[in-house]
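Peer 1: So TrEMBL has the following annotated:
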{"type": "REGION", "residues": "387-408", "note": "region 'Disordered'"}
{"type": "TRANSMEM", "residues": "36-56", "note": "transmembrane segment"}
{"type": "TRANSMEM", "residues": "77-97", "note": "transmembrane segment"}
{"type": "TRANSMEM", "residues": "103-123", "note": "transmembrane segment"}
{"type": "TRANSMEM", "residues": "135-154", "note": "transmembrane segment"}
{"type": "TRANSMEM", "residues": "174-196", "note": "transmembrane segment"}
{"type": "TRANSMEM", "residues": "203-231", "note": "transmembrane segment"}
{"type": "TRANSMEM", "residues": "243-265", "note": "transmembrane segment"}
{"type": "TRANSMEM", "residues": "277-296", "note": "transmembrane segment"}
{"type": "TRANSMEM", "residues": "302-322", "note": "transmembrane segment"}
Amino acid sequence: MEGGNSPSLQLQQLPLATAAVSVQPHTDSFSYKENLIGALLAIFGHLVSSIALNLQKYSHIRLAGSKDPRAYFRTKTWWSGLLLLVLGELGVFSSYAFAPLSLIVPLSAVSVVASAIIGIIFIKEKWKPKEFLRRYVLSFVGCGLAVVGTYLLVTFGPNSHEKMTAENITRHLVSWPFLLYMLVEIIVFCLLLYFYKERNANYIVIILLLVALLGSMTVVTVKAVAGMMLVSIQGSLQLDSPIFYIMLVCMIATAIYQATFLAQASQLYDSAQISSIGYILSTTAAISAGATFYLDFMGEDVLHICMFALGCLIAFLGVFLITRNRKKPVPFEPYISMDAMPGMQNMHDKGIAVQPDLKASFSYGALENNDSMPEIYTPATLPIVQEQHGPKGASAPPYRVLEHSKKE
């Protein structure tokens, strides 16, 4: 009887097995579509944000170089840049709701590449072809490496997807890997803050490490908020959960403190160094946070993880080469340097007074003999003798003016 019933049972189980097998490829293809949507939204957002920032910078430069009395917020160019900036940030924000955190964060290299290309296209100086290639060869190589790294990141990025419900986020929040990661991050952050505030260790690595640690928490909360909003739009309301507002407050607070440390770093160091070092440190910290909180690499094979790490390294190298070739700003000097004027002695020479060395000059302080000139054009000379120090307690005038040697 068992042998006779087994074919019928097999026939009955065959459609179920076939259906189960057919569901898995459909799920994988759907998850890859979500990855692609998130990556495209992130690339679009970073590209638009880069264009917006350059538009606002162009507005400031144009107003500074003209006699237009209007403020920058009264120009159409600046407002266009602001609207594009909001649109770009919305694109980046929405990308976290579709793709894993570890895939979205490294794609910020697109903004660096876009800024480099915009700077080359709208450059003001005229260069010869050889000089142009020699000057911007590192930028071209860096852009190429960043594009290759971005392709590897999108192709071999993590493929973990789960609905950002309040229950799932709470479960991740109290998991022991994330609690251990938070403990280590808090200890490192407090140590860095102590050296930065108390020991005056204003090194760029310390400041940008503080920014990176805060940024890792920012992106974790951004993904939680964006994911819960997407689930709510799809029909399952999550905005009434307390965890949503906890994540929202943490997102705003960490973003504000992150911007504060970035502003302090920009006052001490060049923007090119901040861009390259900050991108590397922030991306590494964010990927680590995503791997511990959302378990982005759970179930991924070793080949995909290695190729993803290779894509990150190539993108890091590309950003470093792009920012290394940026032109350093020349600080403005609101005075005329005497060293740069022809015929002037160096003001930093030992014991030498700064005097013009011009022949036939009768300007004030000239060392030339003016006896041969008419008396009406002869300048008044005021010789100064050194102070004659008397006995202790006796006050002496700091200087003595001699009478003019010529008769009036």
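In case you wondered, yes, glycine gets a Cβ from its N, Cα and C as well.
What TrEMBL says about a protein is an automatic prediction, not a curated fact.
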Peer 1: Are there residues at least six beyond either end of the transmembrane segment (203-231) with Cβ under 8 Å to its Cβ atoms? List them, or say none.
Peer 2: 93-94, 96-98, 101, 104-105, 163-166, 169, 185, 188-189, 192-193, 195-196, 238-239, 241, 243-244, 247-248, 250-251, 254-255, 257-258, 261-262, 264-265, 268-269, 273-274, 277-278, 281-282, 284-286, 288-290, 293-294
Peer 1: Please tell me whether the transmembrane segment (302-322) and the transmembrane segment (174-196) touch - that is, whether there are at least 3 C-beta pairs under 8 Å between them, with each pair 6 or more apart in sequence.
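Peer 2: They do not touch: fewer than three Cβ pairs between the two stretches lie under 8 Å.
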Peer 1: Cβ under 8 Å to the transmembrane segment (135-154), counting only same-chain residues 6 or more beyond its ends: which ones?
Peer 2: 35-36, 39, 43, 103, 106-107, 109-110, 112-113, 116-117, 120, 127, 307-308, 310-325
Peer 1: Which range out of 36-56, 77-97, 103-123, 243-265, 277-296 gives the transmembrane segment (174-196) the most CB pairs under 8 Å?
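Peer 2: The listed stretch sharing the most Cβ pairs with the transmembrane segment (174-196) is 277-296.
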Peer 1: Find the member of 36-56, 103-123, 243-265, 277-296 that has more C-beta pairs under 8 Å to the transmembrane segment (77-97) than any other listed stretch.
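Peer 2: Per the Cβ count, the answer is 36-56.
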